[in-house]
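Asks: Okay, so TrEMBL annotates it like this:
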{"type": "REGION", "residues": "1-28", "note": "region 'Disordered'"}
{"type": "COMPBIAS", "residues": "7-20", "note": "compositional bias 'Low complexity'"}
{"type": "DOMAIN", "residues": "39-215", "note": "domain 'Cytochrome b561 bacterial/Ni-hydrogenase'"}
{"type": "TRANSMEM", "residues": "46-65", "note": "transmembrane segment"}
{"type": "TRANSMEM", "residues": "71-92", "note": "transmembrane segment"}
{"type": "TRANSMEM", "residues": "130-152", "note": "transmembrane segment"}
{"type": "TRANSMEM", "residues": "182-203", "note": "transmembrane segment"}
Amino acid sequence: MSTMSEPGRGSVPRPSGGIPHQDKTSDHAPLQAGEEIRVWDPVVRIFHWALVVAFAAAWGLGKFGPDEMTLHFYAGYTVAALVVIRIVWGFVGSANARFVNFVKGPRKILHYASHFASREPSNCPGHNPLGALFIVGVLIVLAMQIGTGLLADPEDYINAGPLAKYVSIETARQALSWHEPLSTLLLIMVGVHIASIVFYKLYKHEDLITPMFTGRKKGL
């Protein structure tokens, strides 16, 4: 006769040794109050903060830096490398880093959006459906920004992108005409991201910043 009692409703499964469950993803039920899991691995966290610095540097050097854009290019190459790493990690990384585990279809996105105004914290063990949609959008716009920068040619024979010589002058000019508006769009997206963090903190009492430093999230 077993002496192990049946887990109570809402209890958190634990593997042998009493170590808390570590691999809960956004496909699982929301976190229970007091439940703490590892949500972001080191690669995701380093990518996030490195991208903040690299994008800020690329934008600032492009707007206010020296006329010769060498430093802007280096910052842009850093952004490009980070985006490539994140996309690859989205297929081979830890559970919550993989696109297959957090990118949702229209039905789940609309369902989450319909409850967005609720003051209850989402307690999603990873990106919530709207956040996932936003992340994919940011990666797409960043890829477009990188591509236009590589192809752009401002006709000064100094600041042409490294791939401009392989395309027609019309294509290089078109890339240049898109490059700055895309940076403005990215700034708007950064503003939306920051506003969302503030909204979740003040309205839903859900902290989205600390897990991006510690890698851990606790249910409320």
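For all residues, glycine too, the Cβ spot is worked out from N, Cα and C.
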Asks: Based on Cβ pairs under 8 Å, which of the stretches 46-65, 71-92, 182-203 lies most in contact with the transmembrane segment (130-152)?
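Replies: Selected stretch: 182-203, with the most Cβ pairs under 8 Å.
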Asks: State the mean pLDDT for the domain 'Cytochrome b561 bacterial/Ni-hydrogenase' (39-215).
Replies: 93
